[in-house]
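Peer 1: Sharing a structure, written as structure tokens. Questions coming.
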Amino acid sequence: MMYEALEKSLSFLIFIFIGILLKWRFSNKEEVNGIKTLILTLALPATIFIALLKIKIDSNLIILPLFAILFNTILFSVSPIFLSFLGFSKNTSVSNTAKLLLPSLAPGLSCFPFILEFLGDDYLAKAAMADLGNKFFVLFLLYLVAIRWHYANVLFKKASISNKLKSLLKALVTEPVNIFIFAALILVSFGITLENLPNYISTTLNRLSLIMTPLVLLFIGLAVKIKRKQFFQIFSLLMLRASIAIFAVLAIISLLDISIAKDILFMLAFSLSACSFWPFAHISSISSMEKDINIEKRTFDIDTALSILALSLPISVLLILGILSAHDTFTNSTNIFIIAFSLLILGSIYPITRLLKKTLVSKFDTSFIKSNQDSGQEVKAN
């Protein structure tokens, strides 16, 4: 079973690698964007629709979605601090992209297989319940945040509230993802689940959903462009994200006096989930709107989003697998603190090295200028 979970994660990474290998077959950007359009208009809406229709609220686990939203909020709140620490300029398309992606979680891709293998069905059910809170945060709250940043970036600064609301309403009713979300919520409110739909509809939706993961991973591989400097920046960013996630779990464990080993491991695994692809749908939607109205300064940077997604998955899988395969090692508060602090140090190496290099270059330039000035004064004196 453990081998099957590992095999599943490796297959995800292989899809990204296949996408990278196939880059040469896609001669222009429009061909790659065709895959993105297919994902955003068919596969992703179908996946979200199915996920919402499968929701089963367990009153005994109702606290878990709230904890997930709290966790998302913590990551969202602290992300500007370590973005600044890593040298990301404030209020730029790159920093906005990172701030939108970092608080999101993709447990289905990165942690559900390992939770099922190491902790069992009961904890998989808990993870699914916690993911409800994450879905709400990612699909609704992050969408509103993205729209707000878009308004702040373009002509909406001077627009009336009614015009802003009209623009928001237009975006809500024209995006396929949003249409499917509203349709699913209406059906759920009437007690209609996936099982109640006609078989041909549920079969079609399921088949569309099945192509979602392979298409997303292939698209990431095809479209990702990571430069050396960006690689170290994003790697450090994801290390700091993991560190903050573990510190947050440690704080919750200490405050609530949680001592059950499996509960602690579940919280650690869930919190270390990779960044979600769903905020990328918001980013793409807003980028398309800005392209239509010829906005030069974009709110988000699609290349940065793809780079974060591409690196996030393998890093999360390795961390989750390492923690769960160590059994009870990381159920001890001291060991949890050690791994969190170690990740913090690992994530700080690049910015500290960059700062030291910048300081040394600055001192060398100052010394060089001063020595030249002294030499000039000596020549004049002679």
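Heads up, the Cβ atoms here are built off N, Cα and C, so glycines get one too.
Predicted, not measured: the structure shown is a model, and the values here were computed from it.
Here TrEMBL flags 6-26, 38-55, 61-88, 100-116, 136-156, 177-194, 206-226, 238-258, 264-283, 304-324, 336-353 as transmembrane segment.
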Peer 1: Could you tell me whether the transmembrane segment (206-226) and the transmembrane segment (38-55) are in contact, taking contact to mean 3+ Cβ pairs under 8 Å with a sequence separation of 6 or more?
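Peer 2: Per Cβ check, the transmembrane segment (38-55) touches the transmembrane segment (206-226).
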Peer 1: Which residues of the chain, 6 or more past the ends of the transmembrane segment (238-258), have a CB below 8 A from one of its CBs?
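Peer 2: 67, 71, 74-75, 78-79, 82, 85-86, 102, 264, 267-268, 271-272, 308, 311-312, 315-316, 319, 333, 336-337, 339-341, 343-344, 346-348.
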Peer 1: Under 8 Å between C-beta atoms and at least six residues away from its ends: which parts of the chain pack against the transmembrane segment (100-116)?
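Peer 2: Contacts of the transmembrane segment (100-116) (Cβ under 8 Å, skipping residues fewer than 6 from its ends): 4-5, 8-9, 12, 68, 72-73, 75-76, 79, 123-124, 127-128, 130-131, 134, 137-138, 142, 145-146, 213, 237, 241, 266, 269-280, 282-283, 300, 305, 308-309, 312-313, 316-317, 320-321, 324.
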Peer 1: State the residues, same chain only, that lie 6 or more residues beyond the ends of the transmembrane segment (61-88) and have a CB under 8 A from a CB inside it; answer 'none' if no residue qualifies.
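Peer 2: For the transmembrane segment (61-88), the far contacts come to 94-95, 98-99, 102-105, 125-126, 129-134, 136-138, 141, 233, 236-237, 240-241, 244-245, 248, 252, 270-271, 347-348, 350-351, 354.
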Peer 1: Does the chain bring the transmembrane segment (304-324) near the transmembrane segment (206-226), so that three or more CB pairs sit under 8 Å (pairs 6 or more apart in sequence)?
Peer 2: yes
Peer 1: With Cβ-Cβ distances below 8 Å as the criterion, list the same-chain residues six or more beyond the ends of the transmembrane segment (206-226) that contact it, or say none.
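Peer 2: For the transmembrane segment (206-226), the list is 12, 15-23, 26, 32, 35-36, 38-39, 42-44, 46-47, 50, 109, 234, 277, 302-303, 306-307, 309-311.
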Peer 1: Can you tell me which of 6-26, 136-156, 336-353 gets the most C-beta pairs within less than 8 Å of the transmembrane segment (264-283)?
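Peer 2: That would be 136-156.
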